[in-house]
Amino acid sequence: MTPPTASFVNPAVAEPQLGSFKPTKGSFHPSSTATPTYEQYVPIKTGQEPIEDFAGNYRFAEIKESHTSRAMTARYMTDMMDAAVSDVVIIGAGSAGLTCAYTLAKQRPDLRITILEASVAPGGGAWLGGQLMSGMVIRKPAHNLLVEIGVPFDDEGSYVVVKHAALFTSTLMSKLLLMPNVKLFNATCCEDLIIKKDQSGAQRINGVVTNWTLVTMAHGLQSCMDPQTITAPVVIGACGHDGPFGAFSVKRLSSAGLIKLGDMRPMDMNKSEGLIVNNTREVFPGLIVSGMELSEHDGHPRMGASFGGMIGSGQKAAYEAIKLYDSLEVEDGEVVGLKH
């Protein structure tokens with residue numbers, strides 16, 4: 001499958017498409033003169049050429065405020081249209097979710113991957129080490145990802161230290177977001193899961209229910225702020241543990257009476273990281289769980305400020321997602337059967 005290419009169609013000149021909205025009696029249908037145009041390209045005017053002069057003569061090329069609004073809106077809405085049916089949705093853009101997305105997108109450029117992050121800033125807790133300190137500790141062999149993406153580190157034998165966690169997270173994110181089959185929606189919450197019966201009659205996750213985070217946080221203040229959906233045959237939970245949006249996927253399944261949580265155990269670093277990586281798997285039909293969200297599901301210990309388990313679990317989740325996706329018969333994002 002070739003990932004869709006984002007494009008913007010000028011509504012003033014677009015030809016009607018099969019299945020597109022057709023106004024009926026009583027519906028609003030503005031005249032062509034009321035339809036705004038969007039000229040994406042703005043030529044530089046003679047005599048107003050941009051100048052990069054820091055001696056007091058710096059000058060920008062001129063555009064209108066409307067160009068800014070339309071450039072953002074057109075691309076964002078195109079991304080939303082493209083992502084409405086995805087192949088894989090990853091909930092959470094922390095160290096596990098970002099590693100999973102990077103590994104998955106690199107291994108399978110044919111898959112449409114959508115990442116949801118509730119925070120304005122993707123990265124989760126991976127901008128700092130423990131207790132708000134800057135260094136990031138990663139136990140071997142998870143440091144191999146650092147070598148791959150070009151993040152320098154101090155080699156301390158059994159583990160490595162990145163001088164600032166933000167160096168890892170920003171580098172990984174920059175590599176990931178350059179990939180054409182990846183879309184990241186930050187400041188976007190997963191409010192619920194889409195669960196339907198599959199061809200055998202069993203319950204199966206088939207996508208997510210989303211809303212902007214500020215809307216989600218305001219549900220107690222204002223009613224009738226409905227969400228929308230993203231359909232996908234494979235969903236990966238990478239929401240972490242503590243926090244208002246932590247372990248969302250497994251907590252939602254638990255509240256629906258579909259699973260029983262194991263609850264995260266007290267810290268044991270050497271025990272925890274291997275358990276997290278080796279047990280990353282599909283825990284409910286259509287849902288793979290990785291990172292610290294898995295500790296809430298399985299009852300594994302926490303590992304503290306060591307990030308190797310998050311990296312390894314994200315990579316394992318990507319491989320599990322490939323295996324799961326390739327086992328399914330999928331039509332328009334919905335599972336219609338199993339491949340034999």
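In case you wondered, yes, glycine gets a Cβ from its N, Cα and C as well.
Bear in mind that the values here come from a model prediction, so they are computed numbers and not experimental data.
For the substrate site, TrEMBL gives ALA96, GLU117, ALA118, CYS190, ASP226, HIS241, MET292, ARG302, MET303, GLY304; the one candidate out of GLY125, GLY201, GLY286 that the record lists there too is GLY125. Neighbour density for ARG302 (substrate binding site): within 10 A of its CB lie 18 other CB atoms from the protein chains shown.
Under the DSSP three-state reduction, ALA96 (substrate binding site) is assigned to helix.
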